[in-house]
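Now, the feature entries from TrEMBL:
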- Glu51, Glu82, His85, Glu170: Fe cation 1 binding site (BINDING)
- Glu82, Glu134, Glu170, His173: Fe cation 2 binding site (BINDING)
Amino acid sequence: MSLRRSDATTADLKDSTIDTIESKASSKKRPLTYQERKLIESMIRVDHAGELGANYIYKGQMAVLGKDKEVGHVIQEMWDQEKVHLRTFDEIIPRYRVRPTLLRPLWETAGFMLGAGTALMGKEAAMACTEAVETVIGEHYNDQLRELINIDNEETTELREVIKKFRDEELQHLETSVDYDAQKAPLYGPLSAMIHAGCKAAIWITTRL
């Protein structure tokens, strides 16, 4: 079964201006400045850590809901896409000579606990977790695309394409979670706010560690 979509759900997170400008980048053959290279290294480190955490969130959800006839296959399909995202950044990390996050064990543990913990609260809470996480990731990827637009260099071409593709797939996960009753979760408001804040904090920490 393919992931279901609701186009209105993420309309405000799909920034057509970014996509239009990004597609017109000329990729000049000039060397990156020191500041630009450090910015790109930080982006890759954060994105790799984020995809790592997302994998463990879905792993935790599958541990609890994997056999559920309604959502088990949906979670598995989203997880399969996240595995591709992680493999891609696993390949990008050494190619760009980026140091991975020092906090990998923490993000693996936290991701699994978040996924399993919300799944134990019910299918709707698991989907609310996905909605909150993917909302932050969608915003984060848009922020990165805005920054990369200003770095008109051929070395950023691949990264822009990867981020844009993954952003669209993360927003598809968001739409799917809403379709599967994320907003009917118990304590939906506080739960979403807590996860949203936690993701923002994780991004901030990983840019440094």
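Using the three backbone atoms N, Cα and C, a Cβ is placed for every residue, glycine included.
Nobody curates TrEMBL annotations by hand; they come from automatic prediction.
One way to see the shell of the Fe cation 2 site is to take the Cβ centroid of Glu82, Glu134, Glu170, His173; the remaining same-chain residues with a Cβ within 8 Å of it are Ala54, Met78, Gln81, Thr130, Val133, Ile137, Glu169, Leu171, Gln172, Leu174. Compute the center of the Cβ atoms of Glu51, Glu82, His85, Glu170, which mark the site for Fe cation 1; besides them, the chain residues with Cβ within 8 Å of that center are Gly50, Ala54, Asn55, Gln81, Val84, Leu86, Ile137, Phe166, Glu169.
Straight-line distance linking the Cα atoms of Glu170 (Fe cation 1 binding site) and Glu134 (Fe cation 2 binding site), rounded to a whole number, equals 6 Å. Of all the binding-site residues listed (His85, His173), His85 has the fewest other CB atoms within 10 A of its CB.
Sequence-distant contacts of Glu51 (Fe cation 1 binding site), defined as residues of its own chain at least six apart whose C-beta falls under 8 angstroms from its C-beta, comprise Glu82, His85, Leu86, Thr88, Phe89, Phe166.
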